[in-house]
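If you check TrEMBL, you get these features:
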type	residues	note
BINDING	HIS49, HIS143, HIS147	divalent metal cation binding site
Amino acid sequence: MDKKYFELLGNYNKGANEKMNTIIKTLSEEEWDKAFAGYYKSIHELCSHLFIGDYNWLTRFRSAKNFKSLKDEYFTKNYSPKEAVFKTIDEYINMRMELDKIIIDLINEIAIEDIKLLLKWTNAKKTTFEKSIGTCLIHLSNHETHHRAMISLYLDMLGKENDYSNLYPYG
């Protein structure tokens, strides 16, 4: 694994989120909260889940090393997996943009030797894991991609044109 790979993933996730959020900004409250048949019932729930997942991963990274980009004053919350973090689309967009900046700052800060640092954590199901930061960064990116695809499907069901998932423009 080399650093350029993680820079590509970080830039892709930030860019795909920005493109997706341009579409999300156009949603009415009814569309934002519309119930669908998926595990996460709405675009709102999916956006909350993505935010919480990324936030919790960054919190875990703090246990491996004192990264300057992961500031104490930002990481004061303890979000549960299905918590409603934000009420409005604007609140979501602002929080998402801030979190994406932190992810990019972390990737820029990480040295190649940091990618091998081990994280040890216990998930909500009380299962303990130990994986490298590199593996966890790949997981973070893959998790975002998976759920952005679900959001894309929900946008399709709302009749909203969307095409924000291409990786190649970022590499």
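Each Cβ is built from the backbone N, Cα and C atoms, and glycine gets one as well.
Nobody curates TrEMBL annotations by hand; they come from automatic prediction.
Shown on the structure are the features that TrEMBL records.
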residue	record	CB count, 10 Å
HIS49	divalent metal cation binding site	20
HIS143	divalent metal cation binding site	16
HIS147	divalent metal cation binding site	16
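Apart from HIS49, HIS143, HIS147, the divalent metal cation site neighbourhood in this chain, defined by C-beta within 8 angstroms of the site C-beta centre, holds TYR40, LEU46, LEU50, GLY53, GLU144, HIS146, MET150.
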